[in-house]
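K.L.:
Structure provided below as structure tokens; questions to follow.
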């Protein structure tokens with residue numbers, strides 16, 4: 001898709017000059033982002049070259065029940081009456097479905113985890129169950145495929161993590177930690193990372209089980225992300241601090257605390273395409289732009305740039321706004337921040353200015369940028385998925401079908417499919433239609 005000419009900031013706003021941010025001994029200018037030079041070979045990934053997995057075979061799903069369809073789920077309160085725009089409904093879960101990931105190699109498989117202590121791998125095209133991941137003893141809140149789609153990992157709230165080989169459907173590794181906060185695969189190697197409520201970040205080579213721990217403050221490691229170079233990870237904590245870790249050395253490269261950190265627990269972190277910039281979000285309603293190289297905060301998106309904040313003494317509900325999700329556009333110098341009050345804010349990184357405000361009627365749960373386009377996808381507590389043109393702030397489309405809030409969603413690489421999970425016990429596949437492609 002050819003990008004349209006840049007329309008600039010919102011109507012009526014003069015184009016601001018680029019801002020310069022002064023660090024202790026340096027000046028950092030935020031400029032238009034582009035892909036950086038190719039990184040050298042990843043030492044950590046090279047260490048994993050000896051781990052060999054068979055090519056993924058076609059899974060038949062023998063004995064799988066035909067439990068997908070558009071029929072209503074008995075026992076689920078249909079509080080949101082709306083047409084069902086989905087193509088496939090996966091209905092094997094018996095409680096709220098908390099998480100979903102797609103296999104990165106083919107984008108034909110999904111893994112979902114739910115409040116029923118179960119995780120399933122299933123096929124997007126027809127909803128056929130391919131693998132049930134048994135043995136969890138608490139709600140499965142994290143699930144994902146390895147970089148080559150050979151392995152799938154699931155984690156429950158109690159801290160039990162399990163890994164299966166997708167083609168053989170065999171469990172190849174398990175480990176138990178403290179209460180689980182987040183889990184993520186390394187982008188280049190069969191290495192799994194997780195953050196726990198005791199403040200630790202764990203890293204395992206799978207399936208050998210070789211382990212490293214990264215000890216944080218004595219509070220939960222609430223969110224984390226491996227940087228694109230595979231050598232570093234950024235982790236946010238409940239005390240508002242942020243640490244950028246060297247994965248090979250096991251030591252923090254940068255620690256952001258005090259005024260550099262947040263004034264409340266971290267809720268989300270994201271990196272841009274080349275890993276040079278990090279965004280952090282918190283219940284303090286601020287999103288901070290951080291240089292990954294220096295650890296310096298080079299920009300702050302404050303709540304007063306989004307909307308009026310509640311006055312002291314107002315009821316507790318009005319004071320519960322927070323940053324819920326954020327991310328970088330890969331083709332323009334833009335960032336998106338989603339708030340619990342339903343605001344989607346699009347910021348111009350080169351000028352540090354608010355470009356568009358896109359309002360939802362209910363809280364935003366998560367946002368994702370389409371690869372190769374200035375289009376943001378949001379899912380929200382009203383059970384809808386929405387597509388926004390970040391250049392104009394215009395709503396492109398919305399998709400409905402759930403009868404409860406959407407709790408997580410995933411987007412295929414070609415942006416043709418959106419897969420959602422919901423409190424209505426279902427996962428759904430939506431085919432995205434865009435008139436501009």
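Note that the numbers count up from 1, one per residue, in the order the chain is shown.
Using N, Cα and C of the backbone, Cβ positions are placed for all residues, glycine too.
Not my notes, these are from TrEMBL:
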{"type": "REGION", "residues": "1-87", "note": "region 'Disordered'"}
{"type": "COMPBIAS", "residues": "40-87", "note": "compositional bias 'Acidic residues'"}
{"type": "REPEAT", "residues": "90-132", "note": "repeat 'WD'"}
{"type": "REPEAT", "residues": "133-174", "note": "repeat 'WD'"}
{"type": "REPEAT", "residues": "228-255", "note": "repeat 'WD'"}
{"type": "REGION", "residues": "302-322", "note": "region 'Disordered'"}
{"type": "DOMAIN", "residues": "328-405", "note": "domain 'Anaphase-promoting complex subunit 4-like WD40'"}
{"type": "REPEAT", "residues": "357-398", "note": "repeat 'WD'"}
{"type": "REPEAT", "residues": "399-437", "note": "repeat 'WD'"}
K.L.:
Please give the sequence-distant neighbours of the repeat 'WD' (90-132): residues at least 6 beyond its ends with Cβ less than 8 Å from one of its Cβ atoms.
P.N.:
56, 59, 61, 64-65, 67-69, 73, 138-145, 147-149, 152, 154-156, 164, 166, 169, 404, 407-410, 412-414, 417, 419-429
K.L.:
Can you tell me which parts of the same chain pack against the repeat 'WD' (133-174), counting only residues 6+ beyond its ends and a CB-CB cutoff under 8 A?
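P.N.:
53-57, 59, 98-106, 109, 111-121, 180, 182-190, 192, 194, 196, 204, 206-207, 209.
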K.L.:
With DSSP, how much of the repeat 'WD' (228-255) is helix, how much strand and how much coil, in residues?
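P.N.:
DSSP classes over the repeat 'WD' (228-255) add up to 0 helix, 16 strand, 12 coil.
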K.L.:
With DSSP as the yardstick, break the repeat 'WD' (357-398) down into helix, strand and coil residue counts.
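P.N.:
In the repeat 'WD' (357-398), the DSSP-based counts are 0 helix, 25 strand, 17 coil.
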